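Visitor: Got a structure for you, questions after.
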Amino acid sequence: MSTSTQDKNDDLVQSVAGVTSDDQTNAAERRAKGEFVRGISTARNWISGEQGAMFPPAKDRYHLYVAYNCPWCHRVLLGRAIMGLEDVITVDVCFPNRSNEDEPRGPNLWKFCPEGQTSPMNTGAFIKFDECTDDTVNGKRYIKEIYELAGIDDQKSVPILFDKQTKTVVSNESAEILRMMGTVLKPLASRPVDLYPAEVAAEIDHLNDWIYKEIANGSYKAGFSSNQETYETAYKTFFAALQKLDEEVLSKSAFLAGDHVTEADIRLFPALFRFDPIYYSRFKLNQSFLWEYPNVWKWMSRMMNLEGMEPVSNAAYLRHCKQGYFGRTGNGTVPVGPLGYPECYKSPSPPFAKQS
């Protein structure tokens, strides 16, 4: 392959990975009317193998800041786990609930709290997660302080891909971090899965587009919009997309873009992992359960049984998710059930579905 052709391919890999096709027009006005409109990531650097690149691929140079309950963080942790990049990229894990009103930096900030805390909502309940860590790289308490360290004032989100050598945020766009894992960091992986094969790249991009709009971010439009019409539209769109997945996509192949896992599968998984235990009730997406879509359920089983998946799809991981969604809404109580999750996802036949 010529250098010019390779450069064009590299440009394609970068240009479509994290570009949202969701409508961003009049975002402030729409939010004021109760519609959920997701913000845009602004730290968008790229790891590159080109000579003299500011961020070259390297082992133990890059670090992830994540929260397990965040589905966008889940994307990058899945990519890291499936490819076997644990020894290449280090990780710190935030507490699943954000800061309170009485904290020094104010409310609604991702923070490091491995010691646990007493819930200000669910009075008297002490909450602690063994998987949560301190900031082992910069010694900060809040994610916003890591952005400030890097000279970025307008961001406070996770995930962050951080360069330990230059003390700089490489990227906070999860789709692009995942794309870097599947391309430029692939030679460093212990399981170098081809997450973005050239022969199905266009299909993956197409899948990513509608899955993001209708399922991944679509679930948030239903769950976080206070506008009834917006909620109902997102509700109908979400379940139409699930039916499309079941009848038109996963009825024909083991994974979304063929017989092997790709980036598209990883980007879909976080929403469906959360669906029955969380989104069904918390986001009012209560038309049906995931086990009512047989081909989607079989796909979940294939995903859950991939090598490397267990630490990023086990019961402890789901506990973070439930705390993050339920533990800061309503009265702060977290549902005990539903029983059997996420273990039941591993079986191609849901063990509790009623037989006709």
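Using the three backbone atoms N, Cα and C, a Cβ is placed for every residue, glycine included.
Where the annotation comes from TrEMBL, it is an automatic prediction and has not been curated.
Below are the features listed in TrEMBL for this protein:
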- 1-30: region 'Disordered' (REGION)
- CYS70: active site, nucleophile (ACT_SITE)
- TRP110, GLU173, SER174: glutathione binding site (BINDING)
- 197-324: domain 'GST C-terminal' (DOMAIN)
- TYR220: active site, proton donor/acceptor (ACT_SITE)
Visitor: Per DSSP, what is the helix/strand/coil residue tally across the domain 'GST C-terminal' (197-324)?
Guide: 96 helix, 2 strand, 30 coil
Visitor: Indicate the candidate from TRP110, TYR220 with the smallest number of other Cβ atoms within 10 Å of its Cβ, considering only these recorded positions.
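Guide: Counting other Cβ atoms within 10 Å of each of the recorded positions TRP110, TYR220 gives the minimum at TYR220.
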Visitor: Where the distance is taken from Cα to Cα, which of the recorded positions CYS70, TRP110, GLU173 turns out closest to TYR220 (active site, proton donor/acceptor)?
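Guide: Comparing Cα positions, the closest of these recorded positions turns out to be CYS70.
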Visitor: Measuring Cα to Cα, how many angstrom lie between TRP110 (glutathione binding site) and CYS70 (active site, nucleophile)?
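Guide: One finds 11 Å between the Cα atoms of these residues.
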Visitor: To the nearest Å, how far is the Cα of CYS70 (active site, nucleophile) from the Cα of SER174 (glutathione binding site)?
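Guide: Counting only the Cα atoms, the answer is 11 Å.
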Visitor: Please give me the CB contact count at 10 A for GLU173 (glutathione binding site), counting all chains in the structure.
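Guide: 24, counting other Cβ atoms within 10 Å of GLU173 (glutathione binding site).
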Visitor: Average the per-residue pLDDT over the domain 'GST C-terminal' (197-324) and send me the rounded value.
Guide: 97
Visitor: Per residue, counting other C-beta atoms within 10 angstroms of the C-beta, which of the recorded positions CYS70, SER174 reaches the highest number?
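Guide: Answer returned by the neighbour count: SER174.
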